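A quick write-up on the structure given underneath.
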Amino acid sequence: MAGNTLLFKSNYAVSSKIEPFYKGGKVQISHDEQYIFCTCGPRVNILQINTGKIVHSIEQDDQEDITSFSLSPDDEMLVTASRALLLKQWDWKQEKCTRSWKAIHNVPVASMTFDCTSTLLATGGCDSTIKLWDVVKQYCTHNLKGSSGVVHLVEFHPDISRLQLFSSSVDCGIRIWDLRTSKCICILESHYSAITSLAFSPDGQTLISSGRDKICSVWDLKENAVKRTVPIYEAVEGVVVLPGKSDYSEMGVKGDGLHFVTAGSKGVLRVWDSKLARCVFTQTLPDAPDLNTEDGDLDPRSLMHLLPMPQSNRLVTVTAEHNILVYQMPDLTIPSYLLMSFGKAPCLQAVQRLKKAFLVSGSQDCTIKVWDLPDLLPDVGCEPLSLTARLTEKAHDKDVNSVTISPNDKLLVSGSQDRTAKLWSLADMSLLGVFRGHSRGIWCVQFSPVDQTFEGHDASVLKIIFVSRGTQLVSSGSDGLVKLWTIKTNECVKTFDAHQDKVWALHGSRKDDLIVTGSADSLITFWKDVTEVELAEEQAKQEEQVLKQQELSNLLHEKKYLKALGIAISLDQPHTALRVIREIRQQENGPQELEKTLLKLRQDQKESVLRYSVVWNTNSRSCLDAQAVLQVLLTHLSPEEILQYQGARTHLEGLIPYTERHMQRIGRLLQSSMFLDYMWQKMRITGGKDSVNLDEDDDSVDEMDTSPQSIFFISKQPGDMTEIQVRERQQEDEEEDPEGSEEKEELLDEDESVSKSKSAHVNGKKKNGVNTVVDGGQVFSEESEDEEDVMEITTKPLPNESTVFDPSKTANIR
């Protein structure tokens, strides 16, 4: 748009989305430490660790959630288990399923793992059984029974020569299975809650188990007995044994004893000495407040998984927020990679960056802080700056949900959960005013550049931003909807539905051409302003239609009906197509030309014409055109061909009632024309010598009968109908269809010559409630097969005007 012309926005389109790649469940790292495998509903997403991008996605065809999966140690084979009780083997690099088989388990598989040779697969089910599979020869080798409840953990001993499998279920014990005999040789009992992780020492002689009972147990696998119980003082979700090759002195490791790392509800990594049973190192996180370790809701920073990367000497943690952090040992302060899955929507603090080098923040501590920013901010990856608040003000009695700065940088408004909004002077944070009136907490406040705001959403409004120089606004609500409003008219221009949960975040670009929304459904959606694009497309479409309309007129003038009808169908304009049909029917050889044109159409074009005919048939002005089209289609196409058309059954069902109505109307009009013709003839004969040229000497002329004549009224229904009833019936027809009167006049004009040259036969037969009209003035009403109900009226042409009218010769009634 040129100059300063303001173009109101009318639509936004989703340009891209950032979807969660992980929604909880198992996480596994490839042996080459290049990829992370994680579950996301019916998919297993494969992420490249260095870039954090999804490079492959394995998805179930039946859309059933994946309950467990395992990657073979050679990184070649991926096996998934779903709620459909199927096991599927994948070539994950090609995203291709190579084999599937029944899991034999009666309920879903809860855990699975490969042995170190990538040939044996163990699956633990919710039916308390463990199955072992030879994935090379493709058969089940073992069926291990004896566990209690869900088998949520299975691990092979790293030394394959021992042929031992370790499992754990809800009874909190660790079962050791001898695969040679398929027997449980020992149950290790030490924990009092679910066991979450198992880790073997490098020599395979020691096992460390972790549990949510806040302890780790160190087991001697020679004696199958517990050597030491280490109190961890937090629910432990993962444990990793440190390899003895590297120097971990920075992590408090001294000597050659066995050390292990734990991750749990406190959200930090800790290193433990197994001999001393004490913590030798605790990870420190920058500016991290104390975690909520009380019973109740899980803290979003709690760690749910801990995975080793021994080749690169790294550790991987998975938080309760479904974020994946990669740490390089021995420095565990700052993660080297952060993969954010947006599994849960965090509580966002409102932050406003101004033109000047400071920002304002509001917090759950009910305060507002003004921060000074340095001229140069550190680059990504550098040590973060420690900022000090220049001003701090206790602003509200409850959480501060939103703050915003006026366009002139002089005023600040805050919105709080205490249902008030407050106006502040940014110079000294002095209170200028309090706004009351909301019945619930205020989630968002914004300054309008030009006008006031208004009521809008049906659900809670969480965020608003102004667009189009303040003349429009975009709002987001707790119902997952985003709305575009024009302020002056209070009109909702468009509603956008791309989220399944509360839309907490909403932001617009400086160029006013892009907005971003973030929702509790774990989606970040980018919306692009497509107003100008739509206007350009609409203009181009209109220009194209004008050209096609001109081309259509030229084709009709040149009598190129086939191409003209094709253009009308391509424009999807039934009225234009009707115009072409009428042009064809008005030709001297109209029926033949119409038949020739329709039969040359493609099948999809015939489908469109049939669909148009259903619409035309509902109007008395266009029903004859519809019937002409239907006659061609039904005559030359078999029922099987017609039924293959899209929506053919629906179209045919829609044709029947209106066709019956038109046939009944035409039948009544033809019957009425017989009586009008009779009355007209009667008036001509009885009107005197001026009306009839009588020659008394002519023997060929019969004597005129001047006696009163009977008037016959014909009805399709049993019984007689009076003349008054006939008139009332005609009036009802006119009221039923206002266009009927015009149609009757046309039919009367066309049938004016009935008395001279047209004969009409009315047969009272009806079949399936369908009436038909054929050439020659014959009307068939297929109503009854009973010969007693059949009535026939024949109007014979008069020899000349001087012939005496004889009703006995004109009407024969059987």
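Each Cβ is built from the backbone N, Cα and C atoms, and glycine gets one as well.
Annotations in TrEMBL come from automatic prediction, not curation.
Under the heading repeat 'WD', TrEMBL lists 102-135 (among others). Using a Cβ-Cβ cut-off under 8 Å and counting only residues 6 or more beyond its ends in the same chain, the repeat 'WD' (102-135) has close neighbours at 67-74, 76-77, 79, 81-83, 85-87, 89, 141-156, 158, 160, 165, 167, 169, 177, 179.
Per TrEMBL, repeat 'WD' is recorded for 144-187 (among others). Below 8 angstroms of C-beta separation, residues 110-117, 120, 122-126, 128-132, 193-198, 200, 204, 207, 209, 211, 213, 219, 221, 224 of the same chain, each at least six residues beyond the ends of the repeat 'WD' (144-187), sit close to that stretch.
Taken from TrEMBL, the feature repeat 'WD' applies to 188-229 (among others). Counting residues 6+ beyond its ends, the repeat 'WD' (188-229) has Cβ neighbours under 8 Å at 152-153, 155, 157-159, 162, 166, 168, 170, 172-176, 235-241, 243-244, 258, 260, 262, 264, 272, 274-275, 277, 306 in the same chain.
Per TrEMBL, repeat 'WD' is recorded for 358-373 (among others). Remote same-chain residues near the repeat 'WD' (358-373) are listed as 347, 349-352, 387-403, 405, 412, 414, 416, 424, 426, 429 (criterion: CB distance under 8 Å, separation of at least six residues from the stretch ends).
Taken from TrEMBL, the feature repeat 'WD' applies to 393-434 (among others).
Listed as Cβ neighbours of the repeat 'WD' (454-495) (distance under 8 Å, sequence separation of 6 or more from its ends, same chain) are residues 6-12, 440, 443-444, 446, 448, 501-508, 512, 515, 517, 519, 521, 527. Positions annotated as repeat 'WD' by TrEMBL: 454-495 (among others).
For the repeat 'WD' (496-528), the model's average pLDDT works out to 88. The feature repeat 'WD' is assigned by TrEMBL to 496-528 (among others).
For 549-683, the entry in TrEMBL reads domain 'U3 small nucleolar RNA-associated protein 13 C-terminal'.
Under the heading region 'Disordered', TrEMBL lists 726-814.
Here TrEMBL flags 731-752 (among others) as compositional bias 'Acidic residues'.
Per TrEMBL, compositional bias 'Acidic residues' is recorded for 782-791 (among others).
TrEMBL lists 800-814 with the feature compositional bias 'Polar residues'.
Long-range neighbours of the repeat 'WD' (496-528) within the same chain, counting only residues 6 or more positions beyond its ends whose Cβ lies under 8 Å from a Cβ of the stretch, are 12-20, 23, 322, 341-345, 348, 462-465, 467-468, 474-484.
DSSP states for the repeat 'WD' (144-187), grouped as helix (H, G, I), strand (E, B) and coil, give 3 helix, 22 strand, 19 coil. Across the domain 'U3 small nucleolar RNA-associated protein 13 C-terminal' (549-683), DSSP classifies residues as 110 helix, 0 strand, 25 coil.
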